[in-house]
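S.K.: Can you keep this structure in mind? I'll have questions shortly.
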Amino acid sequence: MSVNDDGQLSSSDSFWEVGRYMRTVKRCDNGYQLCNHLRKLIEERNEIEKKYAAMLTEWTKKWNNFLDKGPEYGTTLGAWKGVLTEADGVAELHNAMAEKMMDDVHTKIKFWQKENYHKSMMHFKETKEFEDNFRKAQKPWAKRLAKVVATKKDYHVACKTEKSTANQENNSRADSSVSQEQLKKLQDKLKKCQQEVENTREKYTAALNDLNSYNAKYIEDMTEVYKRSQDFEQKRIDFFKKIFFQLHACLDLSVESRFSQIYTNLHSTIGNVDPNKDLKWWSSTHGVDMGMNWPAFEEYSPELQSISKRAKSNLGSADGGIMITSIKHSREDSYGSYSEQPSAPPPQQQQQQPQNYKTQSSTNSYASAPRNDMDRARSESPDGENPFGDGDMYDENEEGEEPPSAGWMVRALYDYVRAEDDELEFKAGDVFLQVALEDEMGWCRGKKGEDIGFYPKNYVERI
């Protein structure tokens with residue numbers, strides 16, 4: 001530390017300089033803020049762990065839905081499921097980790113902070129005590145230092161004045177224009193300056209000796225306060241070290257038995273994948289090991305009729321059609337209701353019609369009705385037009401019976417959902433008009449309200 005020519009204190013950055021103890025005082029406030037920051041760090045990590053766990057849970061839900069509806073099968077499906085089970089287990093562990101950090105670590109920091117930092121109006125009590133004690137220990141030394149600075153300044157000013165006066169006196173001796181009286185005045189002034197230099201030097205030396213003699217006391221008093229501040233800071237650091245170890249215990253999943261078990265189970269699940277077992281299952285369920293009702297020769301019998309689509313049928317295949325048995329044939333029941341109760345409703349395959357099934361004979365099967373019946377139907381229509389659309393209404397049945405001109409009323413036995421636009425849709429119990437006899441493929445044409453279309457004969461009964 002030194003004083004410049006202007007008398008300003010030119011100090012170093014040493015703790016012993018006046019006021020430099022404030023950095024140590026501020027460290028107490030910083031400790032409180034560091035507790036806040038550490039709590040904030042744990043809170044944010046807690047949120048990250050919860051979000052990660054939630055993302056894992058959502059991810060497993062998405063892929064479980066895929067697997068439930070997807071094409072994977074057998075033991076390989078188990079491996080897929082094993083990966084998702086691992087994610088669920090990890091999500092559970094990370095949720096537990098998040099809760100443990102808040103319960104075991106965050107709460108302790110908050111409690112310790114409250115116990116060691118006591119808030120006053122403007123400061124913490126601990127901070128104020130350190131500042132007051134440092135100021136008290138430094139004050140006597142600071143006064144002596146100020147005196148040293150002042151006397152040093154006076155001494156340097158006296159030296160400067162003496163040197164300037166000496167130069168003037170020397171110049172006056174060489175100047176003949178300067179009178180003896182003026183020269184004598186300069187010489188007297190020089191003696192006074194020289195005396196002032198001696199006086200200020202003595203004062204400066206005395207002040208400096210006084211300061212140096214007090215240094216030991218100053219160091220002792222400041223060290224005592226500093227040691228108390230160090231003890232307080234060591235207490236905080238020791239606590240933080242303990243907290244970081246507890247945080248480590250929360251974060252370290254390698255020591256968690258459930259964590260290692262998750263991956264032991266996953267490894268075992270993946271090891272259970274058996275290609276031979278999966279391929280054998282596929283063969284027996286969807287492949288060459290499936291059973292088959294191979295086609296065999298069957299004699300024609302009027303007791304058996306096949307119901308198929310109005311196109312090239314594949315009655316020999318499992319999906320080609322339905323064999324209806326116990327159908328009673330008579331002039332009154334030529335449209336074939338089931339005898340007594342049907343054994344089961346028509347299967348789903350019958351409702352899903354293949355494309356391009358209609359034939360020319362089926363779409364025009366009502367074109368051969370007698371003309372007198374057709375004329376009579378037109379005469380009974382309010383506008384004289386055919387009420388059943390273009391073409392004739394129906395053919396004669398197999399036994400030559402002519403149906404009534406208005407058609408037959410029928411009742412639906414089952415629901416029927418149309419597969420193409422020219423089909424008639426109805427619900428079980430609906431009553432509507434049959435306007436044409438069945439074709440050779442077992443399809444009839446009916447009129448329900450304003451809708452006219454085709455439907456399978458075995459779905460209805462005549463009323």
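Indices start at 1 and increase along the chain as displayed.
Placed from the backbone N, Cα and C atoms, the Cβ positions cover glycine too.
Any TrEMBL annotation is an automated prediction that lacks curation.
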S.K.: Pick from 176-217, 260-301: which stretch is listed in TrEMBL under coiled coil?
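M.R.: It is 176-217 that TrEMBL describes as coiled coil.
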S.K.: Under DSSP, the domain 'SH3' (405-463) has how many residues in helix, strand and coil?
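M.R.: For the domain 'SH3' (405-463), the helix, strand and coil counts are 3 helix, 29 strand, 27 coil.
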S.K.: Mean pLDDT across the domain 'F-BAR' (9-278), rounded to an integer, is what?
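M.R.: Per the prediction, mean pLDDT sits at 93 for the domain 'F-BAR' (9-278).
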